[in-house]
Amino acid sequence: MNIAKVVVDVPATQTNRVFDYKIPSKFQGSIHKGMRVIVPFGPRKIMGFVLDLVNESEFDRLKEISDLMDVTPVLTEELLDLGEWLSEETLSFYISSFQAMLPQVLKAKYKKELHCLSSDEIPVEFKTLFAGRDFITYDEFVEREGNHAKLQKAIRDGLIEVIYQVQSRETIKKQSVIRLNKEAHLIEEALEDLSKQAAKQRQLLHYLLEHSKPINQKTLLKKVNTTRASLKPLLDQGLLLESFEEVYREPYEKGKYPRTSPLPLTNQQEEAIQPILNALENEEHHVFLLHGVTGSGKTEVYLQSIQEVIEKGQEAIVLVPEIALTPQMVERFKGRFGSEVAVLHSALSAGEKYDEWRKIQRKQVKVVVGARSAIFAPFENVGIIIIDEEHETSYKQEDHPRYHARDVAIYRGEKHRCPVVLGSATPTLESFARAKKGVYHLLSMGNRMNNATMPTVDLVDMREELHKGNRTMFSIRLKEAMEERLKKGEQIVLFLNRRGYSTFVMCRDCGYVIECPHCDIALTYHRKNERLKCHYCAYEEKMPSMCPECESDTIRYFGTGTQKVEEALAELLPEARVIRMDVDTTRRKGSHERLLTQFARKEADILLGTQMIAKGLDFGNVTLVGVLAADSLLHLPDFRASEKTFQLLTQVSGRAGRHALPGEVVVQTYTPEHYSVQLASQYDYEQFFSEEMKLRKSFQYPPYYFLTLITVSHVNQVKVMEVTRTIVQLLQKHLSQQTRILGPTPSPLTRVKDRYRFQCMVKYKNEPNQRKIIKKILTYFESDIQKNDLLIQVDLQPYQLM
Ligand SMILES: Nc1ncnc2c1ncn2[C@@H]1O[C@H](COP(=O)(O)OP(=O)(O)OP(=O)(O)O)[C@@H](O)[C@H]1O
Ligand SMILES: [Zn+2]
Ligand SMILES: [Zn+2]
């Protein structure tokens, strides 16, 4: 094999294919599929991935590969195949897909260098700059000289050449290790010769003689309570030897987690796990939907399935939502499987992530627990893939490649012939519908552990509070319930949904929300021209000055933040100790963990937070959960608004009364009659499912229809409108009659970073040629995209409609 097929690091339509490169003889036999290489491309050198090795090329005069970046492949053959599939599925560039599967540090960095070709002839100012060196970095030129015209002339005159160097960002952490460099009797002799004053040096030698093992320098210095200064002479005399050895950056301390063993399963856990174990045994690919109420013990089912996988000598991938990847969650996996577990979490530093990834790549671990991108873990013998809280929208990547981790999981599960388990108390309508149709295998756990009752939910109508003259954000019911808990020393979780405030308009008197007459979603308020707009169909109207329903003038847009709640709490219950958890208080590394530990140690009475506290927390002493504004999600311009509200209310309620003490939930709402609020308060998923499905059917949304969202953006508004209109016309011409194309209409975010955004939405049942057509449309606009900074984003299966 002397020719390599390479995908190059240039994300553009013309370069989105493989290029053939000759393998120079010095690299013959050492280049393998899945390695990163450096190749000449136009005037520069860039990074590329080797997809295949062949003997023949249809092109002659091939350029040669310049260098290798890896010793062993970073992508397995399975992942290479997956990357190609992913690009086709999501209409992304191959290079973006491959890079999405790898840790950030494996992305190439490009550095420009100026090389001096003739030190005699270069102008004098360059002579001083180069100061006799063959080359300098471009950065140094910018800093010290910066005259581009002169540089360009020197390049034209052939005196200076620009060379692009591809660099790897990988860094490997090394630590200094100290060992004896002579036999024991020689060291003892040396000890006798040491001067009396060199007490610390003597201690060092004694210590190493006693322990006779190489030791980490830091540990050694600490043990002997000294510094490098006393070590240095011993190294210089050759009595001791220092070496540098690779270590992993360990974000999670070893041995910190007490080991747990499998719990005897309850009957319903037993029934749920059996089909999974059968699939494992028969090496069959099935997708299981584990529908288990909060606190039903889903995690134990995962753990014992994984146990089985490990015993078979296989590997497990577990996805949990980013915000649920709490220390508590990590502990449950590390507690059971110890150092067999790698954790991939966005809060880790780039270096830590790289090290965790290498443990997987080197097969030093058997389990990876991580957020979305952990689905690309380079295991080669996957035995199970688990997606916890499968309804979470963070499993969809909102950037190139726009993939959903569930789809990737199922694709990999098929390849490895292994089960995929989707778990949730509130599955997505898509998944539950598939389970009902028998595409997925439904496993149900309807009871909590030890048949603990679900907490009772009180719906408090905030309109009535207002009528009673209570204008605070806490209802009388919630206030009393909190006081009661404070007295008893029990704990409270207060939940506020931060997202989507101030966008929809609601009457505070009667709870009326203004919606689009055609789309069943709330209209969005635009402060600038005082208008309400629909972001699906371009319908708009004037912001009314009084409620169309009850003629009250208290109609206004809606919203409040956690900080405001904290202040209000301090006034209402001055004696309560409050921990606020939101993006602001958890920005620093480790702060998330610190706050939760404080709460677990009962150093606070109230945990106040956003989405972050809705998932996965398991505190026995929490007996009250308060939801401050249950409606805030309900009126987002998103057809999934009701589903999201139902999910969130169920998850938040699930935090109360999980152990011995019974729980209570107080939900404050302006629309207590809404079916998603009502049914969440009754824990009636099935009923919610059937109500919501009816609506989806009549308004033609998923899971009955598929959606494609195309968003166009550019600095020139007229251009954006024109391009979007053309796209709509092309789609109308080439897609089938039954397919509906909505738009062009301004995107909900009409301008981002000075770029205007327009969109159109395709609703379809069956469009086998859609990808091909959209690809053609993209090619049609290619030169505008390349030269005029036009951006066309295509999202097949959009989750984020804002
Ligand atoms: N077989 C068992 N025997 C005893 N205790 C168990 C068993 N299985 C689970 N538990 C305990 O029950 C509690 C709830 O379980 P777990 O957190 O796994 O539920 P879950 O279904 O994942 O809930 P959520 O969806 O709310 O995260 C945990 O404290 C767990 O340790
Ligand atoms: Zn509309
Ligand atoms: Zn009203």
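Each Cβ is built from the backbone N, Cα and C atoms, and glycine gets one as well.
In sequence order, V513, C547, E549, C550, S552, T554, I555 make up the list of same-chain residues 6 or more apart from C507 (Zn(2+) 1 binding site) whose Cβ falls under 8 Å from its Cβ. Under DSSP, C507 (Zn(2+) 1 binding site) is assigned to a strand (E or B) in the three-state scheme. If you look up TrEMBL, you'll see C507, C510, C547, C550 marked as Zn(2+) 1 binding site.
The Zn(2+) 2 binding site annotation in TrEMBL covers C516, C519, C534, C537. According to its DSSP assignment, C516 (Zn(2+) 2 binding site) is coil.
Cβ atoms under 8 Å from those of the coiled coil (177-204) belong to residues 212-217, 220, 224, 226, 230-231, 233-234, 237-245 of the same chain, restricted to positions at least 6 beyond its ends. Residues or ranges marked as coiled coil in TrEMBL: 177-204.
The domain 'Helicase ATP-binding' feature in TrEMBL is assigned to 279-445.
The domain 'Helicase C-terminal' feature in TrEMBL is assigned to 542-696.
The two recorded residues, C516 (Zn(2+) 2 binding site) and C510 (Zn(2+) 1 binding site), show a Cα separation of 18 Å.
Annotated pair C510 (Zn(2+) 1 binding site) and C534 (Zn(2+) 2 binding site), C-alpha to C-alpha distance, rounded: 22 Å.
Neighbour density around each Cβ, counted as other Cβ atoms within 10 Å, peaks among the binding-site residues C510, C516, C550 at C516. Proximity of the binding-site residues C507, C516, C534, C547, C550 to ligand 2, judged by a Cβ distance under 6 angstroms to any of its atoms, singles out C516, C534 in sequence order.
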